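J.: A single structure is presented below for examination.
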Amino acid sequence: MGCAPSIHVSHSGVIYCRDSEESNSPHQTTTISQGTATLHGLFVKTDAADSIPSVLAYQSRQPPPSAAPRRKERRESGGASARSRTPHCCSVEAETQTSSSSVKQASTTEIQVGPMRLTQYPIQVLLIFAKEDNQSNGFWWACDRAGYRCNIAWTPESALECFLDKHQEIIVIDHRNSRYFDAEDICRSIRAVEPSEHTVILAVVPRISADQEETSVLPLLDAGFDRQFMENSSVTACYNELVQIEHGEVRSQFKLRACNAVFTALDHCQEAVEITSEDHVIQYVNPAFEQMMGYCKGELIGKELTELPKSDKNCADLLDNINTFIKKGKEWQGVYHARRKSGDSIQQHVKITPVIGQGGKIRHFVSLKRLHCTNENNKQVYKSHHEEKYTGDNSQSESNSYKCKNRRKDSVDVKSITSQSSDAAPSLQTRRYSSMARIHSMTIEAPITKVINIINAAQENSPITVAEALDRVLEILRTTELYSPQLGTKDEDPHTSDLVGGLMTDGLRRLSGNEYVFSKNVNLSHSHLPVPNTINDVPPCIAQLLDNEETWDFNIFELEAVTNKRPLVYLGLKVFARFGVSEFLNCSEVTLRAWLQVIEANYHSSNSYHNSTHAADVLHATAFFLGKERVKGSLDHLDEVAALIAATIHDVDHPGRTNSFLCNAGSELAVLYNDTAVLESHHTALAFQLTTKDSKCNIFKNIDRNRYRTLRQAIIDMVLATEMTKHFEHVNKFVNSINKPMAPEETSPHSEGSDTECTANIKNFPDNQTLIKRMMIKCADVANPCRPLELCIEWAGRISEEYFAQTDEEKRQGLPVVMPVFDRNTCSIPKSQISFIDYFITDMFDAWDAFAHLPVLMQHLANNYKHWKTLDDLKCKSLRLPSENNN
Ligand code: AMP
Ligand code: ZN
């Protein structure tokens, strides 16, 4: 050790490799690049012009691959122009591996500053020593060990030049002997140049003897040194010092340098940015802020916010509110009136974010401000900026307005008003204003237009978060499918997606050329059926069963059995009598009986599910619901009659296939009803046709035209409501219009008598009555999961069988399989029931129960759900466990 470095660049431009003959020297071979010169050998003469200061440049190790591009860049920049700027710039790199095992690998280091990731390249050190001695060598070898790039300068001039060329992170200046040069002067001259701002300068001071007094470091600090190093030529001592500096100050400086990038970003940011201290003293404003407020930064920085004129429109409350918010470390956003230097008041959208710093305390507040462009002043401010900024630079102006057009509904962005001065397409904001103006001048407003207008108006003065939330609301309101929940496509259970696809879509998967031949055997006859003459002469076994008709647990399948699959006539007679339907319609019981008979005859007994037993079941549920206090109180007699008739006819002539099937098959009915609510339209139309065709069964023949029209309208509305594509629309409307408004009354302590009040309110609003009737028939239609377990199981078996038959036929006819899970060979009925309940039943019955109070149904629903879950957990795919099958 102790050998001098191997390369020396002289004033004459000659680089000497001294001591390189030594076999153990780490610098045996050197590569010298300067401009085009890349030479190997002991003596290297560069083509550098003029004086090249006495600089030694050395790097003992081959830099790691990650550092290579940087080196290459430096070499490339050593061309003619670079050379003339820095004539002495030379890089000398020894590429032999050092023999020293303790050498640290020079490598790049990843450093995190907040969210920024930086790469720190190997440290560069400049040693400024008047002459070579043990101390300079100590640092030299310490650099070698630490993997730092090292230069040595012997004169103040070469030192400065070398620094200006390489901007070393650490400079070590020999401060032991003032005979050769004045270390403090050198330090000052280096500090006088800008790049030294981030450099750590170390003074090597003479060792003091025991009897000497320690001197203050202050003169050194004043001269620009950062620290002192007591003379110590031990390589380890030098190494430790340098490494500590790297990990401490150099790294902090490196991080600080990154702030420059952030400040540059802020300076170019189009939003106004202001940074204050925790006491609201302005520390920074960006050019956009200066423009917006009309001040230059010199007038703002160092001022307390309270010293600036405030707009009178900001009430003290608002300022207090902001303060309380941000002092708690919370972000505040809102609209704020500010006064410009010129005295104008402008409206700004402001976002103030507290920044936590030292000691976990709030150390700064960062405010981002955008002009809120509703007031004239704002537009003026913007306009003047815009003109100032873009005059004579059309391309920039265009690209700016283009950017603005592409931004998401930047309703509050100042740039949105550019279209006044350019012929760019109107921005969203401008469009909003002009369309608002048009809408306001319209005389006939659709309710949705009114809603949108109200929201638009509310947006004008709301904080940006609210305005943005309202934007989202408007987006949703503008879609037509307001009530259809969006099914997740991938993760959704196939049973649910099949049911939804099968029940809630119409003609989307229609195939041409597959004709579904619809039964034309409309049954107009009723004479061949054994029917009782009056409700009083029904066979005793049937009468006995019907005694129980008012309870929810009434067994419709027993009635089906004893009536030879004609339960609808018998139940109809009984129920219609109970609700005084003949009286209301002013028709004889004979006509009513004939009508029931015709309707029942047009249900397909061959369908396992959609037969007249299902109609009777729905009629039974409807009658049950009509008996509930709230329902009875909310509806009129006409509504009751309409509901009972609707329930009776609601699936008449059902072919046992879904709407999707009919559409896919291109059936006559699908063609007739344009693939829209095909079956429901058919059930209603056919029912009225059958009723009015023959006066013997025309139950409407004796009511006046107006009453007929009202009744007919109510019936049609209810039957159409059973169409499943509108399921969520009906349920949601009911929840929003009936459940929600009732909820506060129910929880209020003075809710006595509120039941009658509430129903009276509903009665006053025919729209609400309509929602109740729709909900009632919908619930009655799919009440089978709320029936006693045995009945529920029977219905599940029947609907599954009907679906299986459809899948069989789809396969036979080469039609699209609408609900592939309903394949008789593979289907898990419990899973399908769980999906049906989860997706369609639970929410709807929760809402209906909340209104009509139906504890028995809800209990059955819970039990039945448990039944299906148990089967599913046991991987059982059928209706019951094998052990229960004999029951
Ligand atoms: P409707 O055709 O008027 O009876 O409408 C009710 C819809 O719900 C029909 O498409 C039925 O197929 C379906 N549905 C009723 N009960 C069930 C059930 N337990 N499982 C699956 N689907 C059902
Ligand atoms: Zn039905």
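Just so it is clear, glycine is given a Cβ too, placed from its N, Cα and C backbone atoms.
Residues or ranges marked as region 'Disordered' by TrEMBL: 55-108, 377-430. The compositional bias 'Polar residues' annotation in TrEMBL covers 94-108, 392-403, 416-430. Taken from TrEMBL, the feature domain 'PDEase' applies to 534-875. Under the heading active site, proton donor, TrEMBL lists HIS610. Look at TrEMBL and you will find HIS610, ASN611, SER612, THR613, HIS614, ASP651, ASP781, GLN833 tagged as AMP binding site. Per TrEMBL, the feature Zn(2+) 1 binding site maps to HIS614, HIS650, ASP651, ASP781. The Zn(2+) 2 binding site annotation in TrEMBL covers ASP651.
Each of the listed features needs to be described in terms of its position in the shown structure.
T.: Mean model confidence of the domain 'PDEase' (534-875) amounts to 94 (pLDDT, 0 to 100 scale).
Cβ neighbour count for HIS610 (active site, proton donor) (all protein chains, 10 Å cutoff from its Cβ): 24.
DSSP classifies HIS614 (AMP binding site) as helix under the three-state reduction.
Shown in sequence order, ALA615, VAL618, GLU680, HIS683, MET718, VAL719, THR722, ILE777, ASP781 are the residues of the chain, 6+ apart in sequence, with a C-beta less than 8 angstroms from the C-beta of HIS650 (Zn(2+) 1 binding site).
There are 27 other CB atoms within 10 A of the CB of ASP651 (AMP binding site), with all protein chains counted.
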J.: With an 8 Å cut-off on Cβ-Cβ distance and a minimum sequence separation of at least 6, pull the same-chain contacts of THR613 (AMP binding site), or say none.
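T.: Spatial neighbours, sequence-distant, of THR613 (AMP binding site): ILE556, PHE557, LEU559, GLU560, LYS565, PRO567, LEU568.
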J.: Select, from ASN611, SER612, THR613, ASP651, ASP781, each of the binding-site residues with a Cβ positioned under 6 A from at least one atom of ligand 1; if none does, say none.
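T.: Near the molecule: ASP651, ASP781.
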J.: List those of the binding-site residues THR613, ASP781, GLN833 whose Cβ lies under 6 Å from any atom of ligand 2, in sequence order, or write none if there are none.
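T.: Listed by sequence, the hits are ASP781.
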J.: Which residues, same chain and not among HIS614, HIS650, ASP651, ASP781, have a CB within 8 angstroms of the centroid of the CB atoms at the recorded Zn(2+) 1 site?
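T.: Once HIS614, HIS650, ASP651, ASP781 are set aside, the remaining close residues are HIS610, ALA615, ASP617, VAL618, ALA647, HIS654, HIS683, THR722.
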J.: Counting only residues 6+ apart in the same chain, whose Cβ is under 8 Å from the Cβ of ASN611 (AMP binding site)?
T.: LYS565, TYR603, HIS604, SER605, HIS654
J.: Greatest CA-CA distance (Å) over the residues HIS610, ASN611, SER612, THR613, HIS614, ASP651, ASP781, GLN833 that the record ties to AMP?
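T.: Between the outermost Cα atoms of HIS610, ASN611, SER612, THR613, HIS614, ASP651, ASP781, GLN833, the distance is 22 Å.
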J.: In whole Å, how far is GLN833 (AMP binding site) from HIS610 (active site, proton donor) when you measure between their Cα atoms?
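T.: Their Cα atoms are separated by 17 Å.
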